[in-house]
Amino acid sequence: MIRQLWSDGLVYAAGTILSRGLGLLLLPLYARTLDPAGFGLLDLIVTTGVLANLIVPMETSQAVARFWNECKTDEARRRLVGTALCFALGGYALFALVGMLAAGPLARALMGGGEQAQALRAGALFIAFNGLMLMLQAQFRWELRPRAFAAASIAYGLLTLGGLAALAASGSATVAHVLAMQALVSALVAAACLGGLRGRFAWRVDAVELRRMLRYSLPLVPAGVAVFATVYLHRFVLGAQATIDEVGLFAMASRVAALATLVLIGVQSALTPLIYAHHAEPQTPARLARLLEIFWSLALLVCLALNIMGPALLALLTAPAYARAAPLLVWLAPAALMSQMYIFAPGIPLAQKTGWQLLLTLAAAALGLILDLLLIPRFGAVGAAVAGCMAAAVFLGAWLAAGQHLYPLPLRWLRLAGATIMFCILTWALGSGALTDQPDESALWSWALRLAVLLASAAGLWAAGLLRPSRGAGPLVAEQS
């Protein structure tokens, strides 16, 4: 099992890296095709699609994953998958129809009409086709076909890159054009996935099967919506309380900040099964503690590097209109990492305390909303970034506290706290100019000083023992590496 896990994991990791690399190449094209206001509108529509993908199919894809291995015959699997896909197809068709019909009234009520109505219509089609594509692609995972899954991701990225390059070259592309192109790409990849799944599902809904799936999947929807609110609600509050231009800056900074999560590629997919396999072994808590300390230290270094190189990265990847997004990286990079580092503290899932998980997620979402309403009217996009970072920090802290109660890890709290405090001090010093006095970015001594700060931080973390794996690492760490 472990050999297959890592064999498949390498394929998924390679596909993820290639997909994210293509996504990085998209940023300059987006920035040159759309101004911040246009990119903000695009981001709000795409983000609405994330919510639709939770609600429209009612998480039946998760039910397929849960029941797939319980099916004893190929016919039972065909019935299971066919029921889920046909149910989703009907839901997305209804969503697209309602979205097309409601686009005009919504645009007039919320955005002033005109181009926005066309963007909403194209967005409804994109959300529907993209949702179906993602559901079909997920089926490759349940069938243990990682190469097909990765191929679909890469094909989508390449086609989107080509389409966006063509639109950028035209010089007159709008948000509606971009969304229509992405809808077409999603439809093409979905058709290819259908070809790859030919004969593996039945084109019908089995009422008994559907009831069984919904009994399992419906309770997952509120939890998914709570996670959505924690991660994405800032954009909608920002659009309502500030301007669509601010949403565009926030969205662009979020995409650049997501580079920080590259330190977790492969670990996210591989660690959880290994924890379930080894959690009862007496050495596992100590090994998990060392892993958490190592990745927390790497996260601090990556966030510090993004703080140092953020303005240069934005200048390289975007247009001058997005330069104002640089201060957001200080908050968004830590938020992106903290929202995913819960995997190292498995107490809640091991104890099957799903109610605790939902409660913590809802609390973090509520805190984020309160902070949004307090900070955005005064600070705009920076306020949204601060709110997201603080909500992510509270969620991770509460998750760790609850996890320690259920499955204690021998963490070296004083060293972790010292490293985190030093990171905060350095971040403040870099942001305020206390270290560099904000000189010309091209000055050699300025970059040398910043690089020295980064290297000294890494040396300090190594000296504190936070970056060094423990000796005699057993199966968990050995397999992880």
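Positions of Cβ are set from backbone N, Cα and C atoms, glycine also.
Here TrEMBL flags 80-107 (among others) as transmembrane segment. Beyond the transmembrane segment (80-107), the same-chain residues lying 6 or more positions past its ends with a Cβ under 8 Å from any Cβ of the stretch are 52, 56-58, 60-61, 63-64, 67-68, 71, 113-114, 116-121, 123-125, 127-129, 131-132, 135-136, 139, 197, 200-206, 209-210, 213.
Per TrEMBL, the feature transmembrane segment maps to 119-136 (among others). Here the transmembrane segment (119-136) has Cβ contacts under 8 Å with residues 41-42, 45-46, 48-49, 52-53, 56-57, 61, 84-85, 88-89, 92-93, 95-96, 98-100, 102-103, 106-107, 152, 156, 174-177, 179-180, 182-184, 186-187, 189-190, 193-194, 197 of the same chain, all six or more residues outside its ends.
Here the transmembrane segment (148-169) has long-range neighbours at 11-12, 14-16, 18-19, 22-23, 25-26, 29-30, 32-33, 133, 136-138, 140-141, 177-178, 181-182, 184-186, 188-189, 192-193, 196, meaning same-chain residues at least 6 beyond its ends whose C-beta is under 8 angstroms from one of its own. TrEMBL lists 148-169 (among others) with the feature transmembrane segment.
Sequence-distant contacts of the transmembrane segment (175-197) (same chain, at least 6 residues past either end, Cβ-Cβ under 8 Å): 30, 33-34, 38, 41-42, 45, 81, 115-116, 118-119, 121-123, 125-126, 128-130, 132-133, 136-137, 139-140, 145, 148, 152, 155-156, 159-160, 163-164, 167. If you look up TrEMBL, you'll see 175-197 (among others) marked as transmembrane segment.
Annotation source TrEMBL lists transmembrane segment at 218-237 (among others).
Taken from TrEMBL, the feature transmembrane segment applies to 257-277 (among others).
Feature annotation from TrEMBL assigns transmembrane segment to 298-319 (among others).
Long-range contacts of the transmembrane segment (325-344) within the same chain, counting only residues at least 6 positions beyond its ends with a Cβ under 8 Å from a Cβ of the stretch, are 230-231, 249-250, 252-254, 256-261, 263-264, 267-268, 271-272, 288, 291-292, 295-296, 299, 302-303, 306-307, 310-311, 314, 318, 381-382, 385-386, 388-389, 391-393, 395-396, 399-400, 427, 431. Annotation comment: TrEMBL describes 325-344 (among others) as transmembrane segment.
Per TrEMBL, the feature transmembrane segment maps to 356-376 (among others).
Long-range contacts of the transmembrane segment (382-401) within its own chain (CB-CB distance under 8 A, at least 6 residues past either end) are made by residues 230-231, 234-235, 237-238, 246, 250, 253, 327-328, 330-332, 334-335, 338-339, 341-342, 345, 348, 360-361, 363-365, 367-368, 371-372, 374-376. Feature annotation from TrEMBL assigns transmembrane segment to 382-401 (among others).
The transmembrane segment annotation in TrEMBL covers 413-435 (among others).
Annotated transmembrane segment per TrEMBL: 447-467 (among others), in sequence order.
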Query raised in the report: the transmembrane segment (218-237) and the transmembrane segment (356-376): do they have three or more Cβ pairs under 8 Å, with pairs 6 or more apart in sequence?
Result: yes
Report summary line: Under 8 Å Cβ-Cβ from the transmembrane segment (218-237), and at least six residues away from its ends along the same chain, one finds 43-44, 47, 50-51, 54-55, 58-59, 62, 247, 250-251, 339, 354, 357-358, 361-362, 364-365, 368-369, 372-373, 376, 384-385, 387-388, 391-392, 395
Report summary line: Lying 6 or more residues past either end of the transmembrane segment (447-467) yet within Cβ distance under 8 Å of it, the residues of that chain are 293-294, 296-298, 300-301, 304-305, 308, 412, 415-416, 418-419, 422-423, 426, 430, 435-436
